[in-house]
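Notes follow once the structure below has been shown.
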Ligand code: C5P
């Protein structure tokens, strides 16, 4: 029986800039995305009939067509073949609604499994296109590694990887709904923008300190005072523990810090996890093609 298990790495945004609202309701983005070793584990198995999704570590709302099922439907539609019976199992470790692309990573891992099991010759570009129909961050999660992402997030350019480092991720206990944050941006004065070109140049030089110095996320400019205070206090704690730089990831609220020394990162994690249960230690993950 066909079955495959793959890791589904989460992502962080080294930079996140928004260029403007589009006529289709989405926003044009310019961001540098990095896959990280915090991830879920996804198993896809051919089953007797229908689609079932079994999860550990999270409960799913009943009666909704899941993104995983939409991805499977879109995949077989693209192949022009009927959807076989499928069972998808998710072992969740990445917090949901956290700005880490956990849901997108799971969808991307389902697509990568389906390609290996049913259409190994399907080009990665096609898989990224299928992913975009399910979510804007899915194409990057199909590809992994380090990318400049533009358009809705699907126009991907590979970048040199973030140099080896330790990454501490810390999610405070409030949620930031993505569509609402995008709405707050419209018409807001965003002030100085993250320097995407400087980030790309730092990556090209393999200069971790320079990359850490130009982390930036425009969503941090549209937080309420209370939200902003909590994000700032996590950033300050990371920097006090010798992070080279810290920023919020995606539409938040997870904050991450980059460390050139694993021991310092371990101490930062230990200091934060007393207050924030969802604190993790991770590392950059290189492009996924080589992992399969
Ligand atoms: O593509 P996805 O379903 O993940 O997007 C969730 C929501 O985030 C969209 O409905 C939209 O409100 C917002 N979004 C956006 N521009 C993007 C990506 C997402 O406005 N490039």
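All residue numbers here begin at 1 and follow the chain in the order shown.
Just so it is clear, glycine is given a Cβ too, placed from its N, Cα and C backbone atoms.
In TrEMBL, annotation is done automatically, which means it is predicted and not curated.
Here is what TrEMBL says about this protein:
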ACT_SITE  11  active site
ACT_SITE  137  active site
BINDING   95, 96, 97, 98, 99, 100, 101, 102, 103, 104, 105  ATP binding site
DOMAIN    70-145  domain 'GHMP kinase N-terminal'
DOMAIN    199-276  domain 'GHMP kinase C-terminal'
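DSSP gives residue 11 (active site) a strand state.
Under the three-state DSSP scheme, residue 95 (ATP binding site) falls in the coil class. With respect to their backbone Cα atoms, residue 137 (active site) and residue 103 (ATP binding site) stand 9 Å from each other. Listed in sequence order, 13, 176, 248, 249, 250, 251, 252, 253, 254 are the same-chain residues six or more apart from residue 99 (ATP binding site) with CB atoms under 8 A from its CB. Neighbours of residue 101 (ATP binding site), defined as other CB atoms within 10 A of its CB across all chains, total 29. Straight-line distance linking the Cα atoms of residue 105 (ATP binding site) and residue 11 (active site), rounded to a whole number, equals 8 Å. In the three-state DSSP assignment, the secondary structure recorded for residue 137 (active site) is coil.
Long-range C-beta contacts of residue 11 (active site), restricted to its own chain and to partners at least six residues apart, with a cutoff below 8 Å, comprise 33, 34, 35, 36, 100, 101, 104, 105, 137, 140, 141, 249, 250. Secondary structure of the domain 'GHMP kinase C-terminal' (199-276) per DSSP, as helix, strand and coil residue counts: 46 helix, 11 strand, 21 coil.
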